[in-house]
């Protein structure tokens, strides 16, 4: 009789332990989802601030006028917030559907990013040619009404990188139909200095200058990309782990 009681007590303790595990799986995933949502809020806030204060800042493409830094941050922040919200609710409610939805959405984003990176390296030469052609086309919008973002972006790039034009300072001659460049191309900035002789202008092409700068900082870009990928893989792991725990908990607790 005492042996039977001992076995009954042991079985009960095991079930209670499993029941406790059923009730609180995935604390790591909940924290991950909360931080994701907070990060999304931060990115969204920066995007809105840029949109309000700087207009379409960093819009250089004439073919994709909506492709601005502000819009990219707003879209990215919104997506991260939505995914983080789905993850939080899924973790709190221990809802298999929401957990699986979080996993699938994050997996799709991860695969899209991976595809874009692969395509970029495969078609680098074609992308270079298209980008230069599109940027030269965008120069004609410089200083025009409704294109303050493009104007500000070119002014900042030419001033900070000490360059002029896309492939050469002569790119601006076609824009102004005369031997002239924006004042941001001048070695020493002054009003209407772009009307002076070419000896007072930056000679370096902006496209190649920025490209070289990116190559020199390739390690930092690579580390950022690797960290982003690791965070996403971590999120996928947490989501699938908690999903499996919830499925297991439903099996035990049924």
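Backbone N, Cα and C define each Cβ position, glycine as well.
Database features, via TrEMBL:
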type	residues	note
DISULFID	164-185	disulfide bond
TRANSMEM	29-52	transmembrane segment
TRANSMEM	72-92	transmembrane segment
TRANSMEM	99-123	transmembrane segment
TRANSMEM	218-239	transmembrane segment
Handout entry: Listed in sequence order, residues with CB under 8 A of residue 164 (disulfide bond) and six or more positions away
Key = 158, 172, 181, 185, 201, 202, 203, 204, 205, 206
Problem - Selected stretch (most C-beta pairs under 8 A with the transmembrane segment (72-92)) from 29-52, 99-123, 218-239 - result: 29-52
Handout entry: Distant-in-sequence neighbours of the transmembrane segment (99-123), which means Cβ under 8 A and at least six residues beyond its ends
Key = 33, 79, 83, 86-87, 90-91, 225, 228-229, 232-233, 235-236, 239-240, 242-243, 246
Practice task
Please work out the number of neighbouring Cβ atoms within 10 Å of the Cβ of residue 185 (disulfide bond), leaving out its own Cβ.
Solution key: 26
